[in-house]
Amino acid sequence: MKGDDVRDIIINIVSAQCRWGGEMCYGEETHLHYIELATYEIPTSQVLLVEPHDHFPDDNCALINLNEATLLENVKQRYMKDKIYTYVANILIAVNPYYDIKGLYSREMIEEYKGKSLGVLPPHPFAIADKAFRDMRMLKESQAIIVSGESGAGKTETTKHVLRYLTEGYGANAGVIEQRIIDSNPLLEAFGNAKTVRNNNSSRFGKFIELAFDKQAAVCGGSLEHYILEKSRVVRQSKNERNFHFFYQLFAGASDSLRQKLGLTTPDDFLYLSRGCTRYFLQPQNRSALSDDRLSRDQREHGPLQDIKMDDLEDFKMSIKVMKDMGLDESTQESIFSILAGILHLGNVVFQESKSAHGGCVVSTQSQSSLNMASKLLGIEAKKMSKALTTRITGTRDLTIALRAEETSNARDGLVKIIYDRLFDLLVTTVNKAIPHSNKQTYIGLLDIAGFEHFEVNSFEQFCINYCNEKLQQFFNERILREEQIVYQKEGLNVSSVAYVDNQDYLIESKKSGILALLDEESRLPNSNSEHFTNEVHRVHNENARLNVISNNNSLNS
């Protein structure tokens with residue numbers, strides 16, 4: 001044994017040896033302990049029965065010895081054989097392979113799954129979609145499919161597969177509507193997705209898609225609602241992340257005349273892009289298609305980003321095509337380009353403290369051209385924009401108060417986030433207008449929420465995204481665990497209770513003392529900051545067992 005590595009091992013009754021060779025290990029909350037390959041005496045309570053050799057069923061419930069270890073091993077072994085889907089009863093587990101599996105989502109596969117009950121064919125999103133359709137038709141009630149998981153798990157791609165199955169499988173008479181539903185994805189991804197540390201095409205907004213069906217249970221339209229767009233990404237990203245995809249598509253794909261009209265050079269010339277990664281996604285055949293005057297210094301030194309499905313140059317062409325198909329004419333498209341370029345130029349405006357007796361701040365001489373360009377593109381007079389950003393008017397006395405440079409920069413960033421949010425609203429409204437559903441009787445809803453992520457610095461939107469995922473997990477626990485156990489108890493079945501953690505006592509939602517309420521109060525203070533907010537949370541909830549105060553940095557860890 002390895003000295004300190006095994007000091008916590010209890011020697012006891014039975015012998016155990018690693019099945020797979022190499023080193024055995026066991027984990028604790030903060031440490032991973034390794035054991036040399038050998039035979040050891042360990043407690044029987046730590047020994048879990050394994051499955052018979054080569055028994056890796058489609059449904060984890062079919063495991064002979066069902067426990068956490070055999071469930072994970074079954075999912076792993078199936079994944080190694082490109083069987084990336086596994087059932088747990090009527091729940092589908094998906095493991096993202098990060099490459100295409102030939103024929104897995106073909107038209108032939110769609111036809112094969114139509115009308116088949118769960119379990120008849122191998123696990124697949126098509127099977128879940130077909131069950132939802134058959135339940136909707138039989139019960140004459142709308143259905144919903146929840147796609148959840150961490151960022152990069154493949155939620156959005158799974159949602160696309162379900163959407164395609166339903167529109168192609170049961171939308172033969174929908175024609176243009178069917179195609180518009182599918183085509184809306186690349187447009188919304190261009191303006192709502194971004195590269196993060198964990199995912200090259202991370203959804204930075206949540207969406208609920210209603211696929212409408214008529215009396216004959218045929219697709220007749222659809223609609224989309226969006227939630228929690230990460231607006232803060234427009235003004236700030238982490239080092240290895242990017243802003244929303246379309247900014248880079250515009251730099252890569254715009255004609256020379258359009259670039260000149262918009263005042264676009266390279267991504268690293270603009271503050272709102274240079275804080276993060278400034279490289280394009282390009283496929284090998286397009287790596288020499290862009291001239292050097294479009295490439296950032298980072299791209300010239302290290303080359304483009306690589307992803308088997310992403311190419312900013314080609315994706316720009318696709319985005320323009322979808323805009324046209326959705327009814328956005330060239331004039332409207334140019335207005336969208338002007339808004340995006342105006343946002344970037346506005347981000348380059350620098351504010352300096354004024355030396356006048358009245359205080360306040362002014363636009364620096366060096367960045368006056370950026371203000372002029374932003375004003376031109378956004379359709380606002382430069383003087384009016386400068387005054388609006390550098391002053392505020394009190395609500396009661398109608399007095400104009402000059403703002404400091406930091407306050408003005410914050411006001412500028414706030415304006416930019418609102419502009420982008422309204423632009424995204426416009427695109428969603430355009431998609432909904434292009435996909436009417438006047439004959440809707442029932443619908444199948446698809447919920448694709450942005451995944452749980454934890455960054456070095458988390459935005460407010462990421463906090464909301466993570467909290468939303470927690471609420472979904474609570475809903476899952478309630479429906480799958482607690483309610484099922486109540487049914488078993490009523491029917492007198494002797495079934496062991498499944499213990500799970502219910503975190504409702506985090507008090508995030510409480511109207512007066514909840515974390516969200518305290519954050520709202522903090523944001524109204526003239527000199528609000530993270531340290532004061534954290535201390536207030538600690539003060540209000542100092543007796544809450546869920547609050548763990550880290551003394552060295554006063555951070556909040558729940």
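Each Cβ is built from the backbone N, Cα and C atoms, and glycine gets one as well.
Unlike curated records, TrEMBL annotations are generated automatically.
Under the heading ATP binding site, TrEMBL lists G149, E150, S151, G152, A153, G154, K155, T156. Under the DSSP three-state reduction, G149 (ATP binding site) is assigned to coil, being neither helix nor strand.
The domain 'Myosin motor' annotation in TrEMBL covers 55-558. Mean pLDDT for the domain 'Myosin motor' (55-558) in this predicted model: 89.
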Looking only at Cβ atoms, how many others are within 10 Å of the one on T156 (ATP binding site)? 20
Neighbour count (Cβ, 10 Å) for E150 (ATP binding site): 15
Using DSSP and collapsing to three states, where does G154 (ATP binding site) fall: helix, strand or coil? coil
